[in-house]
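A.B. asks: According to TrEMBL, the protein carries these features:
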- 1-22: region 'Disordered' (REGION)
- Asp36: active site (ACT_SITE)
- Asp36, Glu223: Mg(2+) binding site (BINDING)
- 37-41, Arg49, His53, 81-83, Trp85, Arg87, Arg204, 210-212: substrate binding site (BINDING)
- Asn84: active site, proton acceptor (ACT_SITE)
Amino acid sequence: MLEHLARKWSRKEKQSVPAELDRSGKIPQHVAVIMDGNGRWANMRNLPRVAGHRAGMKTVKEVVKAADEIGVRYMTMYAFSTENWKRPRDEVDFLMKLPQEFLSTELDELVERNVRIRMLGSKEKLPAHTLKALHEAEERTYENQGLQLCFALNYGGRDEIVKAFSVLASKVKAGELDPEALDEEAVSRYLYTSDIPDPDLLIRTSGEIRLSNFMLWQLAYTELWFTDVLWPDFTREHFYQAIVEYQGRARRYGAV
Ligand code: V07
């Protein structure tokens, strides 16, 4: 399948976009990604888990550029879940430094690309140094009109819905909201993604076929795409393969 894609690679295309990718066709507006398999990638090489996380960060850089080049409008990357706090202390400490590390080398280029960086998730429990780097990036890119690059950090799908309900319940209690007026739009308004469209495509790497508490509300109608490839081995070519398959599905249900 991939060899086939590689052969069809258009030589004229400077940006190395495969010929099958229909650039006038349906490009998903929002792609969400569960970046799984970093620890396994490291284990297979007898490297510490953190080496897998660092390799995974390199993949983020590549995939974001690939998405930007075909006109994807929103990318949401699942970087740290509410469950990830249970990992060994050293690993958590390492992970909490990755946003700074990523931004120190990438922020200038992302600004040049007109990318807006955003955070989805709870700010509770995040170390001050991590929050500082995130806030700086959010502020510096706030007005950018290009790709919106969202990092789900200290994010849990159920936690997000519970937090929305909590706000809604307070409003009802304060007499500011009629329970009869509660509808899907009212719930959506209090999610982290209140001003972000639902993902059109979800990519999950590393062979697990589940959602693992990621964007439970938002993924209701999303096309799901899974691959056995581990996140550090995931390339621009794999990303475009997912888009090509997404376009195939969109064509099929568009035809009926
Ligand atoms: C993290 C690398 C990718 C694989 C999955 C887990 C490890 C990029 C970021 C990041 C976050 C915010 C930001 C800029 C970059 C990141 C964490 C983990 C916690 F503004 N990769 N990456 N954050 N991994």
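Each residue, glycine too, has its Cβ placed from N, Cα and C.
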A.B. asks: From the recorded positions listed here (Asp36, Trp41, His53, Thr82, Leu211), select those whose CB sits under 6 A from an atom of ligand 1.
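C.D. replies: Cβ under 6 Å from ligand 1: His53.
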A.B. asks: From the recorded positions Asp36, Asn84, Glu223, pick the residue whose C-alpha lies nearest to the C-alpha of Arg204 (substrate binding site).
C.D. replies: Asp36
A.B. asks: Could you tell me which three-state DSSP class Thr82 (substrate binding site) falls into?
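C.D. replies: Where Thr82 (substrate binding site) sits, the three-state DSSP reduction gives helix.
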A.B. asks: Can you give me the Cα-Cα distance between Gly39 (substrate binding site) and the residue listed as 'active site, proton acceptor' in Å, rounded to a whole number?
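C.D. replies: Distance (Cα to Cα, whole Å): 13 Å.
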A.B. asks: Select one residue from Asp36, Glu223: among these recorded positions, choose the one with the most other Cβ atoms within 10 Å of its Cβ.
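C.D. replies: The residue with the most neighbouring Cβ atoms within 10 Å is Asp36.
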A.B. asks: Just to be sure I understand the packing, how many Cβ atoms besides its own are within 10 Å of the Cβ of His53 (substrate binding site)?
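C.D. replies: The answer is 22.
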A.B. asks: If I take the alpha carbons of Trp41 (substrate binding site) and Glu223 (Mg(2+) binding site), what is the distance between them in whole Å?
C.D. replies: 26
A.B. asks: I'd like the Cβ neighbour count for the residue listed as 'active site, proton acceptor', meaning other Cβ atoms within 10 Å of its Cβ, all protein chains included.
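C.D. replies: I count 16 other Cβ atoms within 10 Å of it.
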A.B. asks: Looking at the recorded positions Asp36, Asn84, Glu223, whose Cα is closest in space to that of His53 (substrate binding site)?
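C.D. replies: Ranked by Cα distance from His53 (substrate binding site), first place goes to Asp36.
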